[in-house]
Amino acid sequence: MQFSRFIPRSSPGLPPYGAHDPPMMQNPAPTTAPPGAITPYLGFKARLSQIWINKWTILLLLVLARVLIAVTGLNDNMASAKREALSACTSVESMGSAMASMPHYMSKGVNELTASGVERAVNGLMSMLLLTVTGVEEVVVFFVNVLTQTYLCLITLAVSGSLHVALKVVEDAADFLNKTLADVTEGIEKGVDGFEDKINDFLKGINSITSAFGGEKDPPKLDIGGDLDKLKEIRLPSSLDEGLKKINDSIPTFDEVNKFANDAIRYPFKEVKKLINQSLEEYKFDRSVFPVPQKEKLSFCGDNDGINSFFGKIGSIISTAKKIFIAVLIAGAVAACVPMALLEIRRWRHMKERASLVQKNDHDPMDVVYIVSRPYTSTAGLKIASWFKPGRRQVLVRWIVAYATTTPALFLLALGIAGLFSCACQAILLHAVKKEVPGLTNEVSQFADKVVMSLNNASEQWAISTNRVIADTNDDINQKVFGWVNTSTTSINDTLNVFVDKTSDVLNDTFGGTILHGPIKDVLYCLIGLKIQGIQKALTWVYDHAHVDFPNMPNDTFSLGAVESIANDNKSDPESFLASPGDKTADAITHVVVRVTEAIENAIRTEALISTFLIALWFAILLIAVLRALTLAFRRDKPRGEGGIDATYHPPAPRAAHAVGSMEMSDFYNVPLTGVPNANGDGGLAPKYSTTPHVRGGSRGSDTDEEEYQAQKLGYAGQRDYEAALNREMCRESSCGQVMYGSEKR
């Protein structure tokens, strides 16, 4: 690819630039249109009149239009989302009302279940009580009989044995005494008779002596016969053992005690069994006493609910963002006119400055046109090219800049940047909308809380009323059934006390005043009293604990499952009872808004990808230019002798009119690739090129000239130091506003 091609030297000769002009036109003085003159091109004021349609203002207005379209679409999407959310809310409201009315529908079944449970429990309890009462009755009677019979046996053993021994001792003592007294009396009589005989003999001797003295007395007689007769008549009274026999005959058999105790013990048991038998088939739980909660009608989709407030807030945010975007972008579009006006003024000056290059014949006309028509991109190319060494690389760098900054390429880049800026504006708006989505989620969670609260209130009221019925049932059963149990325990306790008292009375009547009374009372307390106390303690425990207590219904009977469902929302893959199965969002209502925001986000992402692709396409163009320039930079061009062409621009040198005809087009001019200093020092408009033709077959001068010549053979158009030439332009502005250049006369 050649950047500037000219007619090869083998072509027919053409007159050099300006050869056909008269001598005075070969170096014409720069001329400009007078102020106010009509020109076919736009003047300074005309250019300023179109500042308002500069590219940046237009781009900002296009961005504004795209943002307004996005805002309109977002409003439409939010309106659609609101309709869907309200529809979903209505469905949730209906489902929530149905759930809140669950106690109404479930209470009948639960009430029937509770009533049946109570009936079966009471019937089973009565059957058990009937069997238990009968068993306890027989056990108590048996135990009391065991105690009384045992005590009777012990008393009979102790008292009868003692009395029989005592009677035997008394009888033996009486027999022994009667026999002994007879023998003693007979012995005494014999002793007294012998003693009396001896006394009489003794007295007879004494009387014989006394008769000698003249007196005689009769001896006294010892007469104890009467006393001995009394002694013989001593006998133990026959009534000595009558008391013992009476005691033996009066030992109680406790038949009356047993009969009294049995009757007293069996009476309460009979009454309890009678009551149980009467109530066993008659008990029927009254189901009408159970409460039935009313149906619930929830309403959280009205005018003052969170959904309308959420979408109202979203609409307010969108409206505010729309106003902000309109104000900012319009202000930016208007503000862009100021720097663009300054740039247009500068461009106009540069164009007038560089327009003088067109009149010079020592520059590539195409390059000059490019510099004049694209002042900023060409200036950028010149600036960047100045970083490299003079020569082909500078030309290639300028060509890269020119290739990447063509009008289509810049339009592509500007379109991509504007698209990204539009996406950024839409993303800001979408971010503001998405920030409010958690608020809707909170509102929806409050819907669930409302459902659970209503459900919990209904469940609690039902549980309170049901528990009151259960408490009344407990009291009724405790009074009708266990009331007799308490009465029976009290009666049995009293009966045992009466039994002990009656037994004590019998013993007092029997052994009162005897030595056996104390031991028998001790035996009674040890054998019966301690046992009776144990029975009384047991009866007291039965009295204290003999009552039925059916369990109450918990307050969360109908709301427990809903509460657990909400509690499980914080776990992985939650599925709220307000959400449809398979929803990945918190609930169906939030899913509507999330779906809309995700659709808008996908659209923004698509636009961003398209804009990025446009920018990437511009970079691809830049890469193509760089690769092409690198290829040309490192490729050696063929010399003319090998079939190559001279790609270097050689402007004709200004000559006199008479010399034009003698100049051949085939002459080769030694044109340096860099700017040549002005030898005259007059600040020329542009660098001058050497017009010394190469003399074929002659010497080229020094080796340096030879190297320059070889380098210049491969030159390209546009390698001239235009920037230096332009910098050397001395311009000024006259009082009338006309731009005058350094070469102009003042």
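The backbone N, Cα and C atoms fix where each Cβ goes, and this holds for glycine too.
Taken verbatim from Swiss-Prot:
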- Asn178: N-linked glycosylation site (CARBOHYD)
- Asn248: N-linked glycosylation site (CARBOHYD)
- Asn277: N-linked glycosylation site (CARBOHYD)
- Asn457: N-linked glycosylation site (CARBOHYD)
- Asn486: N-linked glycosylation site (CARBOHYD)
- Asn493: N-linked glycosylation site (CARBOHYD)
- Asn508: N-linked glycosylation site (CARBOHYD)
- Asn555: N-linked glycosylation site (CARBOHYD)
- Asn570: N-linked glycosylation site (CARBOHYD)
- 1-32: region 'Disordered' (REGION)
- 682-708: region 'Disordered' (REGION)
- 1-50: topological domain 'Extracellular' (TOPO_DOM)
- 72-138: topological domain 'Cytoplasmic' (TOPO_DOM)
- 160-323: topological domain 'Extracellular' (TOPO_DOM)
- 345-398: topological domain 'Cytoplasmic' (TOPO_DOM)
- 422-606: topological domain 'Extracellular' (TOPO_DOM)
- 628-746: topological domain 'Cytoplasmic' (TOPO_DOM)
- 51-71: transmembrane segment (TRANSMEM)
- 139-159: transmembrane segment (TRANSMEM)
- 324-344: transmembrane segment (TRANSMEM)
- 399-421: transmembrane segment (TRANSMEM)
- 607-627: transmembrane segment (TRANSMEM)
Q) Among the glycosylation sites Asn178, Asn277, Asn493, Asn508, Asn555, which ones place their C-alpha within 10 angstroms of the C-alpha of Asn457 (N-linked glycosylation site)? A) Asn555
Q: Would you kindly list the residues that approach the transmembrane segment (324-344) from elsewhere in its chain, counting only those six or more residues past its ends and only Cβ-Cβ distances under 8 Å?
A: 47-48, 51-52, 54, 56-57, 60-61, 63-64, 67-68, 71, 376, 425, 429
Q. Helix, strand or coil at Asn555 (N-linked glycosylation site), per DSSP?
A. coil
Q.
If you count, for each of the glycosylation sites Asn457, Asn508, the other Cβ atoms lying within 10 Å of its Cβ, which residue has the minimum?
A. Asn508
Q: Taking helix as H, G and I and strand as E and B in DSSP, count the residues of the topological domain 'Cytoplasmic' (72-138) in helix, strand and coil.
A: 66 helix, 0 strand, 1 coil
Q: Measuring Cα to Cα, tell me the gap between Asn277 (N-linked glycosylation site) and Asn493 (N-linked glycosylation site) in whole angstrom.
A: 24
Q: Determine, from DSSP, whether Asn178 (N-linked glycosylation site) sits in helix, strand or coil.
A: helix
Q: Spatially speaking, which of the glycosylation sites Asn493, Asn508, Asn555 is closest to Asn178 (N-linked glycosylation site)? Use C-alpha to C-alpha, please.
A: Asn508
**Q.** Intrachain neighbours beyond the transmembrane segment (51-71), with Cβ under 8 angstroms and 6 or more residues off its ends
**A.** 318, 321-322, 325-326, 329-330, 332-334, 336-337, 340-341, 344, 414, 417-418, 421-422, 425-426, 429, 600
